[in-house]
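Visitor: Sharing a structure with you now.
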Amino acid sequence: MFCSLNETTSGGGMVVWTDKGFTLCFFDTFTTSILFGFILIFGLIQFIFYKRYGFKIEKEYIDASVLYSLQVILTVLLACEPILLYATETTAFGKTKLPGYTIFRFILRTIAWLFSLIILRIERTKTMPTAQTRGHGLTILSFWCIAVLIELFALISYSSPLWFFQPIIRHDSPIEEIHLVRFGYWIFRLLATISVFCIGIRAPGVPRRRYAVMLNRSQSQVEEDISKESVWSKFFRHSSILAPCIWPRGHFKLQLNIFICVLIVLTGRLLSLEIPRYTKLITDELIQSSNGTTDTFLNLGARLRSPETWPWRLVIILMVLRLIQGAGSFNSGILELLRSTLWTKVDQYTTRTLKLRVFTHLHDLSLAWHLKKKTGEIISIVDRGTDSLDSILNYILFNIFPTIADISIAVVYLIITFNIWFGIIVFGTMLLYLSVTIFVTEWRTKFKKQVNKLNNEMKASVVDSLINFETVKYYGAEQYEVEQYRETIEKYQKAEWTNQLSLQLLNFIQAILITVGLTVGSLYCAWLVSVKHELTVGDYVLFGAYVIQLYGPLNFFGTYYRLIQQAFVDMENMLDLLDIKPDVQDSPFAKDLVINNGMIEFDNVCFHYQNERQILKNVSFSILPGQTLAIVGPSGAGKSTIVRLLFRFYDVQSGSIKIDGTDISVVTQNSLRRSIGVVPQDTVLFNKNILYNIRYGRVTATDREVENAARTAEMHDRINTFPEGYKTIVGERGLKLSGGEKQRVAIARTLLKAPAIVLLDEATSALDTHTERQIQSALQTVCDGRTTLIVAHRLSTISHADVIIVLKEGEVVERGSHDELLTKIDGVYASMWKQQSTSYTNADKPTTISDDSADGQVFAPTNQSHHHHH
């Protein structure tokens with residue numbers, strides 16, 4: 001017998017409360033199940049993670065500790081305590097036939113404490129490649145806390161004569177020795193668990209220098225360890241980032257929605273108990289009324305007058321409960337519809353907040369990072385990552401949590417209603433099911449990661465091919481692109497098939513476990529009904545209905561866990577994205593840049609993209625306020641790099657860049673870039689209308705200001721020839737406009753921005769000579785009265801500059817005005833001028849002048865200086 005006679009009901013169920021306290025059978029069974037179940041599930045997860053992702057801490061980093069030794073000794077004694085208590089009661093007091101719950105207690109509690117000792121040892125000898133934390137993990141700390149609470153929980157039965165408290169306190173009757181022994185063991189457990197918990201908070205067994213190990217490892221080893229970090233660890237490490245997206249701080253209505261949704265979930269758990277109970281009552285009523293009766297439906301009046309023979313009220317109540325709950329535990333009943341409606345707003349808040357957080361982070365990342373990444377792949381990562389957080393919240397709050405709650409309630413309910421064996425059958429089946437599901441799903445994660453990786457590559461290849469649509473057409477490579485895409489699809493589908501095969505294996509194992517558990521429970525219940533006559537047919541129906549109702553969501557538990565794992569895998573790339581730190585960051589004390597004059601100074605600037613090749617070597621020059629300085633040189637000399645450094649897309653390795661005497665590294669990037677306008681070589685426009693693209697220079701500008709800027713850039717009249725005028729969509733990257741039109745839009749945008757400093761980064765090099773000369777007057781308007789830096793390849797466009805510096809292999813080899821540099825016959829500038837003069841003369845020989853030419857004639861470079869001083 002599992003419980004003693006005075007702790008068992010006439011129907012074989014377990015008595016929970018009697019004589020002012022819990023029965024020992026219920027207390028030991030319930031608390032032992034909680035303690036064992038917790039350490040088995042969560043301890044097993046931690047054990048797997050440490051085995052898979054952790055790395056060993058060398059002995060030199062593990063400190064000897066007397067407190068840790070005491071902690072181990074107390075843990076071993078707590079593991080031995082159930083065995084010692086069982087041995088004491090069977091030998092010293094001659095109890096040869098103890099109830100089954102005492103055996104249940106000593107076996108599971110011993111295993112639980114021994115397993116906690118394993119976790120304690122692992123945390124001492126291994127560490128995870130995560131952000132630094134101090135002390136023990138949450139699993140072992142929670143286990144110790146539960147153990148303390150269990151011992152304090154016994155005080156609820158302080159007034160019960162069945163426990164050991166009252167017999168010892170009262171002096172009106174002799175004290176039985178067994179009560180003294182049990183009281184002594186309880187005092188030991190209470191003091192030992194409190195001591196273990198307190199020592200655990202200090203964590204003497206966890207090496208203080210465990211993260212120093214990583215400092216002594218090679219870079220490749222550290223990267224390998226970090227790459228092995230589990231998705232769960234990444235999720236909790238990023239909790240500070242994700243928390244504001246989950247909890248709507250400052251939004252009372254959304255917080256109220258969350259609170260109501262939680263109440264709805266709890267109400268659903270109560271209904272899951274009531275529906276099987278009403279099914280039992282109806283069954284018993286029908287069986288009782290059907291014995292020896294020949295009444296038909298025509299006897300409706302008599303039935304209504306005698307409701308005990310026709311349980312129509314019970315049926316109506318059952319149907320109402322089903323309507324409220326839904327046809328199944330998670331189908332769309334009234335509660336689920338209400339919950340879904342309220343949660344939609346919370347979902348939207350979470351998605352919106354996280355997408356904005358990731359989008360902001362992407363814009364904070366450096367130019368170097370963006371140049372190395374494929375746009376299609378990044379979009380896929382962000383979309384799947386942001387959607388995955390919604391999925392995780394929904395599955396955990398409204399699927400996983402209710403399922404685990406139902407299991408816990410079911411075990412207690414079946415033990416109380418029937419007997420302990422029903423609880424053991426259900427609990428054992430659930431525990432085995434959950435353990436197998438977690439273990440196999442963890443094993444399957446690598447397949448899903450591979451599927452995601454190949455899916456990203458497949459989408460990136462499509463985007464890359466479509467972006468380069470013209471290039472594909474130029475080379476007639478349509479079939480080649482199709483074949484490339486076919487290969488990526490086949491690789492993806494092969495990985496997807498492997499992933500699906502592992503999924504079917506898991507489904508098969510889960511089906512076997514559920515079927516075995518249901519079969520054993522049903523056979524046992526049927527035996528108690530037909531042979532032992534301890535239960536009724538209604539009890540059999542109740543058990544079957546309840547367990548099937550329980551196994552329904554449990555059957556989906558594997559699906560939910562897999563979906564959560566999938567969501568975590570989807571989130572992993574996004575979390576990796578959030579882990580990336582910008583190469584260029586504002587200092588904590590950065591202030592806004594204030595420009596009074598606009599003087600620019602480069603002082604011994606050295607820079608390289610890669611250590612193997614130095615791009616700039618001790619480059620120094622100054623641009624006076626309002627002056628125009630041009631930089632020329634052969635390809636790869638570092639001209640465009642200077643523009644990027646001035647915009648602070650990169651930080652210099654040595655030297656400094658100053659504006660009005662202020663180093664740009666100590667001002668905010670936003671204020672720096674607000675003060676500088678640029679007309680780049682390849683103007684890329686947004687796929688929106690012309691009005692939007694020009695207004696991008698100053699988003700607060702009015703339509704009239706936009707038109708004035710376009711008029712100054714000599715683009716207004718051209719825009720008015722378009723059918724939709726300023727509302728004309730320019731196409732992907734502005735491909736619907738010609739090169740000259742795009743440059744004029746860029747000039748108008750810069751004019752609207754009205755910066756103190758202007759950069760022209762080979763602004764006309766991509767244009768033909770005729771269009772280039774048309775656009776020169778607009779460029780001159782942009783630069784007028786502003787400090788200007790021009791990077792040019794065509795020397796004819798910069799001959800008017802106040803100062804020209806010549807770069808070669810990252811060094812300034814010449815500087816001076818146009819005329820001064822031409823006097824150096826063997827100089828780099830003079831050679832370039834001579835070479836380009838010959839090329840332009842040949843290219844420009846009879847040339848037809850367009851009616852809309854800016855100056856009415858085409859000039860070839862001459863030795864005449866167009867030097868212009870501001």
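Even glycines carry a Cβ here, placed using N, Cα and C.
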Visitor: Under TrEMBL, which of the candidate ranges 310-330, 541-561 is annotated transmembrane segment?
Guide: 541-561
Visitor: Out of 30-49, 141-163, 183-201, 420-440, 505-529, which stretch has the largest tally of CB pairs under 8 angstroms to the transmembrane segment (61-86)?
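Guide: Between the stretches 30-49, 141-163, 183-201, 420-440, 505-529, 183-201 has the largest tally.
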Visitor: Could you check whether the transmembrane segment (541-561) and the transmembrane segment (98-120) come into contact, where contact means at least 3 Cβ pairs under 8 Å with the two residues of each pair 6 or more apart in sequence?
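Guide: The answer is no, given that the two segments have fewer than 3 Cβ pairs within the 8 Å cut-off.
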Visitor: Taking 30-49, 141-163, 392-414, 505-529 as candidates, which has the most Cβ pairs under 8 Å with the transmembrane segment (98-120)?
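Guide: Between the candidates 30-49, 141-163, 392-414, 505-529, the best contact partner of the transmembrane segment (98-120) is 30-49.
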